[in-house]
Number of protein chains: 2
Amino acid sequence: MEKVIRVGLLGSGTVGSGVVQVLEMNREQITERVGAPIQLKTVLVRDLAKKRPQLAGYQLTDNYEDILNDEEIDIVVELMGGLHPAREYMLQAMEHGKSVVTANKDVVAQFGKDMFAAAEKHGVDFMFEASVGGGIPIITPLKQCLTANKVTEIMGIVNGTTNYMLTKMTDEGCDYDAVLKEAQEKGYAEANPSADVDGLDAARKAAILSSLAFNTRVELKDVSVEGITKITPDDIDYAKSLGYVVKLLAVGKDSPEHGVDVRVHPVFLPKEHPLAAVNGVFNAIFVRGNAIGEAMFYGQGAGSLPTASAVVSDIIDVSRDIVNKAFGRIGCTCYEQKPMCPIEETESSYYVRLLVDDKPGVLGQIATAFGDAEVSLKSVIQTKRNVVDHAEIVAVTHIVRHASIQKALDALKQLSVVDEIRNVIRVEKERG
Amino acid sequence: MEKVIRVGLLGSGTVGSGVVQVLEMNREQITERVGAPIQLKTVLVRDLAKKRPQLAGYQLTDNYEDILNDEEIDIVVELMGGLHPAREYMLQAMEHGKSVVTANKDVVAQFGKDMFAAAEKHGVDFMFEASVGGGIPIITPLKQCLTANKVTEIMGIVNGTTNYMLTKMTDEGCDYDAVLKEAQEKGYAEANPSADVDGLDAARKAAILSSLAFNTRVELKDVSVEGITKITPDDIDYAKSLGYVVKLLAVGKDSPEHGVDVRVHPVFLPKEHPLAAVNGVFNAIFVRGNAIGEAMFYGQGAGSLPTASAVVSDIIDVSRDIVNKAFGRIGCTCYEQKPMCPIEETESSYYVRLLVDDKPGVLGQIATAFGDAEVSLKSVIQTKRNVVDHAEIVAVTHIVRHASIQKALDALKQLSVVDEIRNVIRVEKERG
């Protein structure tokens, strides 16, 4: 008799419903591609009493044991989100010989190592394409298609909420609060927007991507994080006039001199950069490797069907392993323990915007303060635009150590002519 | 004793040298990722007497039998190019139980079916990521990462030579002949540029991509092809003023009503489209699927190291199958035989540029000719720019059947006021 691959689904929210829909609408093609039918057998839900028309015809349960102890179920698909009990459920599934597919960036970022170890120990697969970039294939490309490369750099727009907000601020000149309100009304941002706007969601994805790209274990605590809450229309205007756009990037770099440097923060990105044209709720991940040069992966970073595309493709991949008895073909690739680069030693070019007294000699004092900290300036402009009784100075530095820019900022704060350090944003260098 | 994966390399040109270089420079990482070392054992060359410093230390031969009959060799990497004897060599390798990795778009486009059949029959792998888009991962994404989707459309900039030329014409306003000459001097175009500028290279790639995307067998003869030789600076100027850029695209569409429609031709692409920003020698493939929505894959479409990135990643993938005894996990996915859409029934919007007599009533006659053929116009402008004693009419149609536009063009040719149909170029609709 032909093998049927049976799936237990944990969670029936936005992505879970998308998975059910994709499995139904593309059923015939999926069966052909796997060489066996995939059957969604049981769905774990919180409340059995709640009406779920999209799950009519499927077996529902509110007890995970029903899935765990069902020997027919080959694959557990975890879409509950959050650390607990998602982590424990996945570990138990693997202990019971079931492969796991998840979209859970929290668990992968924090407990990825344990998950890989469990998969290896129990001879099953652990797949997580949907944990970064929604539908965009990036985990498989890093594990497989780009694996001939030493990856030296990744840069990703991996949070749709903040990219929508920054795009809106750029296109329409609105300020942060107005844009956040609109994003919340449209359902793009949550009532408590912190995970998005403070960069924590992006930081988890940065940790996952960097671990895979650099063969090492990068955890959330290793990522330095800065959100977009301080970005103003003025910053976006200056960026435009200097030839840049403002984006929130997840950045990972690996070099023999500095070690692994992973961070999330807003940047000024040259408007010719492929990531600069990634707008609205779209995501993209840019990768630099020592063979391929530059590559970029673009698509929708969230949403029911796009994320389900990644989840179901993982289910198909695991199913092919089941049909071909080929588990663990590609295991954990984090076999090195590379040193992390301390933030003080990271290097970047910076945009610095200062509110200063509007009188002669100010520019000289400021340039001297930068110079004394060994920060050389690429450009500096002084303007009275949008300010009364004061002036603004906008400086762009050459590439300098983080410690040096901090030293310069400390010195600037001491100057009586400097009324406020309005913003400091990293500038991504021109490509080449 | 630990297994060593041994490779026989056919061809030592640009890509072959890149493969040798990538295997050397990333040796340690590759060994870790495969779980076994990969050793380049023997290289087939045309002329043993020729000096090849990049191959010092490798065993060279001018007799394929030395590789074919070497039982130690697990993988044959074919980088000779051309149909014959590449096809025969690959088939023989598989008959001898060796897996095959190739960058040969000609063989895959024309004999892909035979190759897959041979791989399945002999229980080996047949991999060809480098045959389309150089280093860009697109074959594996179509076979694996996007496999939960019904793909309805692919659009690719898959020929670097013509993209370089069109970018140059757009940025600098030069004409076709000047740009071709420069591309030839820089080595981007061959002395006989026909395969590139007439669209044949792109057509082979369109056939490969469509076969994978639509689960059917599309061959070169099924692809309607038009090159860039008729594109003038005037067309590019009109495109700009209408909000488009001109690109040579490989297009594949699949719909239940029309069947599979595969073609290569220049198009007016809205300047906001992600493909519109893909310039110079870069390539990109845009995919639309019924779950993921839009996705795009971007990178360098040619060159020694980028192409070697794809070849070596395939070698690693095959090696993982060897280590895990898991051949043929993903076989031929062209299990359907879908009908091809006859070119007359394809639908598109069109840009039509006409040289006409400069006198009253001309526009009316022309609009009537379009209308009689049931071609409705979205916009029409009449201008005397760049013409003496005449006028030009530039019309953009709504979406119409190819047969209708042909009927309109035939009628226009009959009008005494129409002196010349200067160009007809498809217009890609706005996204949404």
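Easy rule for this one: first residue shown is 1, then count along the chain.
For all residues, glycine too, the Cβ spot is worked out from N, Cα and C.
Predicted automatically and left uncurated, TrEMBL annotations should be read as such.
Pulled from TrEMBL, these are the features on record:
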- B:LEU10, B:GLY11, B:SER12, B:GLY13, B:THR14, B:VAL15, B:GLY16, B:SER17: NADP(+) binding site (BINDING)
- B:LYS105: NADPH binding site (BINDING)
- B:GLU190: L-homoserine binding site (BINDING)
- B:LYS205: active site, proton donor (ACT_SITE)
- B:351-426: domain 'ACT' (DOMAIN)
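What TrEMBL annotates, mapped onto the structure for a quick look.
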{"residue": "B:LEU10", "record": "NADP(+) binding site", "Cβ neighbours (10 Å)": "25"}
{"residue": "B:GLY11", "record": "NADP(+) binding site", "Cβ neighbours (10 Å)": "23"}
{"residue": "B:SER12", "record": "NADP(+) binding site", "Cβ neighbours (10 Å)": "22"}
{"residue": "B:GLY13", "record": "NADP(+) binding site", "Cβ neighbours (10 Å)": "13"}
{"residue": "B:THR14", "record": "NADP(+) binding site", "Cβ neighbours (10 Å)": "14"}
{"residue": "B:VAL15", "record": "NADP(+) binding site", "Cβ neighbours (10 Å)": "24"}
{"residue": "B:GLY16", "record": "NADP(+) binding site", "Cβ neighbours (10 Å)": "27"}
{"residue": "B:SER17", "record": "NADP(+) binding site", "Cβ neighbours (10 Å)": "18"}
{"residue": "B:GLU190", "record": "L-homoserine binding site", "Cβ neighbours (10 Å)": "13"}
{"residue": "B:LYS205", "record": "active site, proton donor", "Cβ neighbours (10 Å)": "26"}
Whole-number mean of pLDDT values that fall within the domain 'ACT' (B:351-426):
95
Across the domain 'ACT' (B:351-426), what are the DSSP residue counts per state (helix, strand, coil)?
24 helix, 33 strand, 19 coil
Coarse DSSP state, helix versus strand versus coil, of B:GLY13 (NADP(+) binding site):
coil
Within 8 Å of the Cβ centre of B:LEU10, B:GLY11, B:SER12, B:GLY13, B:THR14, B:VAL15, B:GLY16, B:SER17, which other residues of the chain have their Cβ, at the recorded NADP(+) site?
B:LEU9, B:GLY18, B:VAL19, B:LEU79, B:MET80
Return the member of B:GLY11, B:THR14, B:GLY16, B:SER17, B:LYS205 nearest to B:GLU190 (L-homoserine binding site) in space, with distance defined Cα to Cα and candidates limited to these recorded positions.
B:THR14
Quick one: what's DSSP say for the residue listed as 'NADPH binding site', helix, strand or coil?
helix
Taking just the CA atoms, what is the gap between B:GLY11 (NADP(+) binding site) and the residue listed as 'NADPH binding site' in Å?
15
Once the DSSP letters are reduced so that anything not helix or strand counts as coil, what is the residue listed as 'active site, proton donor'?
helix
How many whole Å apart are the CA atoms of the residue listed as 'NADPH binding site' and B:GLY13 (NADP(+) binding site)?
16
Translate the DSSP assignment of the residue listed as 'L-homoserine binding site' into the three-state scheme.
coil
Distance [Cα-Cα, Å, rounded] between B:SER17 (NADP(+) binding site) and B:LYS205 (active site, proton donor):
23
About how far apart, in whole Å, are the alpha carbons (Cα) of B:VAL15 (NADP(+) binding site) and B:LYS205 (active site, proton donor)?
18
Neighbour tally for the residue listed as 'NADPH binding site', based on other Cβ positions within 10 Å of its Cβ:
23
Using the alpha carbons only, what distance in Å do you get between B:THR14 (NADP(+) binding site) and B:LYS205 (active site, proton donor) once rounded?
20
